[in-house]
Amino acid sequence: MLHTSSLYVTWITFVCCLFFVITYNSRNVCCSHAANAKVYTEQDKQYWIENGKTKVAEKFKYVNKKGVAKNIIMFLGDGMSVTTLVASRIYKGQMEKRSGENEYLSFEKFPFVGMSKTYCVDKQVSDSACTATAYLSGVKANYETIGLSASVKLNDCPGSKAPGNQTQSIAEWSMAKGKAIGLVTTTRVTHASPAGLYAHTANRDWESDVELAKAAKLTDVTQCEDIAKQLITKSPGIDIKVILGGGRNMFFLNDTVHNGSRIDMDLVQFWKKDKEKRFGNGKSAYVENREQLLSVDPSKTDYLLGLFEKRHMKYRLKADANIQPTLTEMTKKAIDILKKEKNGFFLFVEGGLIDAAHHETIARLALDETVEFSKAVQQAVDMTSEDDTLIVVTSDHSHTMTMAGYPDRGNDILSFSGLLGLDNLPFTTLSYANGPENLQPDVNCARRDLSKADTSNFHILIVIRTRLERFRKYHKLSPCSIKY
């Protein structure tokens, strides 16, 4: 319900059939190249003319990198809509005491930009499961299915086991070329987006054996294995060299020691024993916090499993920075390990909590996660070379967050739009078309006056109040109706 069909994609090297986008310089002054040129400000028309000339000149000077990339890093901003990008660059600038509108996220400086359309085979609006299958295997799929063709419907376990219905992902293609694979996410490592690398499942929610047991009450799942088990015990997951993210519950037994959710087996112990048996002592490491991650020696470690939370990782603004690593830190460690590979590597990095915050309609968290995502992209750019590494930044779907009103330049992006509604009450610049909301209407079903409210960190105004769909939490609905 929360998704629209925009997809934002940027390429660092040559990609066919895309268009150039001229963007304005982030400086507030502009000069021509002459030695004694006049300095222009935004109020001068020549400022914009010179700015445009500079950008066009940069495009003409850019030389396409030709050849086959040794390494590929794919960054996925889950739910990172165009509006999210606009609001996030403003947020970024304002956090640094600037107005923000003319800021750049790191990947907005890439030389190529494109737009794509997205949908599931059976749905107008896509979810992260069918899109993961599409961008990681090139095959469009049905809603909430992963690694399967559209021949398999939701919950069709027998159909998902037919080899002809299973897709091959870019992880498998890369392994066939002798490349190493890495996976980094701020969600559970068994969540829909990362699962597209290694899993074949007729329901994205079958992340552990417990979820399969629940499904067994409704459908035949006797032939199926849960997503976590596929990651740890089956190809290609068993050969992924770096796995970093959340979702610890899906791997440990439900006992007093680990307090996981599994009934059948301890997958972390299986992973440790498998790597020791196949590659010897000291070649692998399992970590659960930031200190352990940072202490891993990349020169001595070929396989790394890091599970930093029981479920999703915490939002950066809510996490203990001494305990939970950032997306940037995880990305750096992954590249440090994978760059040793003589045949190169494929690394998938997901900013998954952008999407989670949008589902909760907490815009500030979504924007902050996007800024952290931008930092992770820059970290990868700084650690690699355009000569042998292709970096792609994309999103899988959008959200219903939009910008409204005519706020002044420099206006707090998390504050009010500068206009009043027909009820003479203010409304925020950012709002959602649907989702949960923590501000109930008053007893007369009138909208509450937010003029004295702290809008920086709450559920932003929404039009149609709904449950928090992907997290299966339900919110009490107001009896009020909306008049159009």
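Using the three backbone atoms N, Cα and C, a Cβ is placed for every residue, glycine included.
Predicted automatically and left uncurated, TrEMBL annotations should be read as such.
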Identity of the Zn(2+)-site residue among Asp44, Asp78 (reference: Asp355, His359, Asp396, His397, source: TrEMBL): Asp78
From recorded positions Ser128, His191, Ser193, Glu350, the one whose Cα lies nearest His359 (Zn(2+) binding site): Ser128
Listed recorded positions Asp78, Ser128, Asp355, Asp396, His397, filtered to Cα within 10 Å of Ser193 (Mg(2+) binding site): Asp78, Ser128, Asp396
Glu350 (Mg(2+) binding site) to Ser128 (active site, phosphoserine intermediate) - Cα separation in whole Å: 11
Sequence-distant neighbours of Ser128 (active site, phosphoserine intermediate) in its chain (C-beta under 8 A, six or more apart): Asp78, Gly79, His191, Ala192, Ser193, Arg204, Asp355, Asp396, His397
Neighbouring C-beta atoms (10 Å sphere around the C-beta of His359 (Zn(2+) binding site)): 22
Coarse DSSP state, helix versus strand versus coil, of His397 (Zn(2+) binding site): coil
